[in-house]
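Trainee: Pulled from TrEMBL, these are the listed features:
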- B:27-44: transmembrane segment (TRANSMEM)
- B:50-69: transmembrane segment (TRANSMEM)
- B:76-95: transmembrane segment (TRANSMEM)
- B:101-123: transmembrane segment (TRANSMEM)
- B:130-148: transmembrane segment (TRANSMEM)
- B:182-200: transmembrane segment (TRANSMEM)
- B:230-255: transmembrane segment (TRANSMEM)
- B:267-300: transmembrane segment (TRANSMEM)
- B:312-331: transmembrane segment (TRANSMEM)
Amino acid sequence: MKQTIIAASLVLATVAGSALAADQFIPIPSYRVGPYASGGAKFYGGMIDYLNYVNLKEGGVGGVKLTYEECETEYKNDRGVECYERLKAKNGGASAFNFMSTGITYAVMDRADKDKIPLMTMGFGRADAQDGRAFKYTFPLITSYWSQATAKIQFIGQRLGGMDKLRGKKIVNLYHGSAYGKETIPVLDAMAKKHGFELKHIEVPAPGTEQQSQWLDIRRERPDFVVLRSWGVMTPAALKSAQKVGYPREQIVSNWWGGSEEDAIAAGEAAKGYIAGSFALDGKQFPVIQDIEKVVYGAGKGNLSDKGYMGTVNYNRGVVSGILMVEAIRAAQKKYGAKTLSGDQIRWGMENINIDAKRQQALGVTDMFPQVRTSCQNHEGSGYTRFMQWDGKDWKPVSGWIKADTSVTLPLIKASVEKYVQEKGITLRDCNAEK
Amino acid sequence: MFYRESGQFKSSYAADSAIFTIAQDRVFIAALLALSFVAVPGLASDYLLSGILIPFLILSLAALGLNILTGYAGQLSLGSAAFMAVGAFATYNFMIRIPGMPLLLALFLGGLCAALVGVAFGLPSLRIKGFYLAVATLAAQFFIEWVFTKFSWFSNDSSSGVISAPAMQIFGYPIDTPASKYLLTLAIVAFMALAAKNMARASIGRAWMAVRDMDVAAEVIGIRMLRTKLLAFAISSFYCGVAGALYAFVLLGTVDAQAFDLHRSFQILFMIIIGGVGSILGSFLGAAFIVLLPICLNLLGQVFHGAISTQFLANLEMMLFGGLIIFFLIVEPHGLARLWQIAKEKLRVWPFPH
């Protein structure tokens, strides 16, 4: 009896406690089942672990506890919209959504604009959302697909021994036959024109399991490099086909969707030497990952079903996503005070993220991802990509952080924004007036 | 007891051929319509409207379209999602390329385009039947998805191939709140469901059913095969096309060929199999089962938030969903609509069944 009373009063005390303290709600639209579950479970596991880490270590951000709720999207657009609607107004309002799905992000973009809730589209896009004047609530943080495509070509230039060496070379763009796959074609075309290399686009019909004829084509063309714009099952299939026709994997460069352990391990021996871009490095050597292991998993509150997945590419991407979210909340708290903030206030924070070398040191993430500094005008905040090579067991960095070629991307973004503004009938924000 | 029709006499031909011959049914339907048109938009939350009811209604319409073709006319099709895509892309192009295009007209024209494409892909049905026809319609699924990805003209040369819907309005009234979107969808779905019900009861529906049950016999009694089959394809595709346009414009706000892939076709096929093949009500029940059940399971799972690993929970939901599908198919292979019919018959004599 006595025990029951104590237990009951404890429950009451915690309920009262949580009701009194301010909370900041972060929606987690995860995908733990479906075709992309293996990546989704790790990504959102990393993100949740970081939020719990901040709660356990610092008691939240500025004393405001971070709360979260998951909703299963299965990587489907309609389920994603349902999750958005379910979570957007819960627990004092959603801070920001990170769907890790282009389709869902596009589907909720208009809604988020109206509800004034920011969308993080870390690593993907749409690329022109970098222009915060037209896309007030969309944040392609760190790098967009377009920025990454220009970094890829620069990396190839580095490998050849200088950008001038690209002249007269031949590069094949092997792309997934979908909207996603075709997205980088204009950027690569512009790069080809600028650097004078020959570019050939070859399409692989979705989902990309059948690539025999494409690789025979590549063998005939004998390109100096193959730029892979792959997704899911297309990556291992490409690597295996490359092995079959004897194309060296050291000359295949993919974007970050082809750069996780799942992609490489599935191709087995054929993946050795293959190179992929990345915006968040893998590995457990970063202090933040080690600290999460100590604090969160030490307290038995880890989200991963298998602790062994810590330090995988997708897990670290999730942690980076958590860091950027928390840094945005920190920035917003500096302006609006330490209390529950609205989505629009978090949007201001997200436009004022400043993770410089010193801050990276303090967070324990030096070299894990590039420095990020966003503004009202620039929602990307970085544009750097690093390239890694698969050695058969792990990803090993083979370049420094390579900056996007803005002389190529900016005019394309400008044209795309102009079209968007005209189609939608909106006016651009004046960033100078909003200080 | 609840469904006793004693004392309800049909004294005219009109009364005899009414859609709902029993007064209880009429009251029920009137109450349901009043509830969904008046009470729901006023009382329901934004989440209920745009997260649950709108997708349910739109996919019901698509299931209704497939039910006309497969359930009534007996032509198996795996191309429903492709016809939805045609409707969505056609409506989009009418909207952006013709200034001042009214939304409803664009939806109608989008549906017509889908109907034309449906007729073209329905032509093989004159020669092949059953599973072979399903494979022929599968060609539509792959071909149409490829066309919309390959030719960027359809997506107005957008660099990402994903296009967003322009602002919508009807007679100057903007369709931008969840309630207005819901009412638009509901009005269209209700109207088209009524039309489908009447088609099924009219000569055209009887012709479809004759073809479904035995096409040689149907031809012998003078039903023109070409016209009947192609009309089924046209009308079914029209329904799917309008559903696709609503899905793109009202639900998602973007048009993307990948949203209408083979999985969507299968999803719609499962809806009519579980709901009831050859039943208007079955289309709605099936859509409710396929669309709403996973969401309910997910919401239910949140109760255990923190107690059980979310990873396990997410997979458990899928297992439960699969288990329920098998359960309902074993209990009633003719679908949920048949279950409802049995329930009605039982209620008629309840509480004294003998």
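Cβ coordinates are placed from backbone N, Cα and C, and glycine is handled just like the others.
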Trainee: Please figure out which one of B:27-44, B:76-95, B:101-123, B:182-200, B:267-300 racks up the most CB pairs under 8 Å against the transmembrane segment (B:50-69).
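Mentor: The listed stretch sharing the most Cβ pairs with the transmembrane segment (B:50-69) is B:267-300.
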Trainee: Are there 3 or more C-beta pairs under 8 Å linking the transmembrane segment (B:267-300) with the transmembrane segment (B:27-44), counting only pairs at least 6 apart in sequence?
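Mentor: In this chain the transmembrane segment (B:27-44) does not contact the transmembrane segment (B:267-300) - fewer than 3 Cβ pairs sit under 8 Å.
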Trainee: So which of B:101-123, B:130-148, B:182-200, B:267-300 is most in touch with the transmembrane segment (B:230-255), counting Cβ pairs under 8 Å?
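Mentor: Maximum Cβ contact count belongs to B:101-123.
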Trainee: Is the transmembrane segment (B:130-148) packed against any residues at least 6 beyond its ends, judged by a Cβ distance under 8 Å, and which are they?
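Mentor: Distant contacts of the transmembrane segment (B:130-148): 75-79, 81-83, 85-86, 89, 117, 121, 124, 154-155, 257-258, 260-262, 265.
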Trainee: Should anything in the same chain at least six residues away from the transmembrane segment (B:101-123) have a Cβ under 8 Å from its Cβ atoms, list it; otherwise answer none.
Mentor: 75, 79, 82-84, 86-88, 90-92, 94-95, 136-137, 139-140, 144, 168-170, 175, 188, 229-230, 232-242, 244-246
Trainee: Who are the long-range neighbours of the transmembrane segment (B:182-200) in its own chain, taking Cβ under 8 Å and residues 6 or more past its ends?
Mentor: 19, 33, 36-37, 40-41, 44, 49-50, 53-54, 57-58, 60-61, 64, 67-68, 72, 107, 170, 175, 208, 235, 239, 242, 246, 250, 280, 284
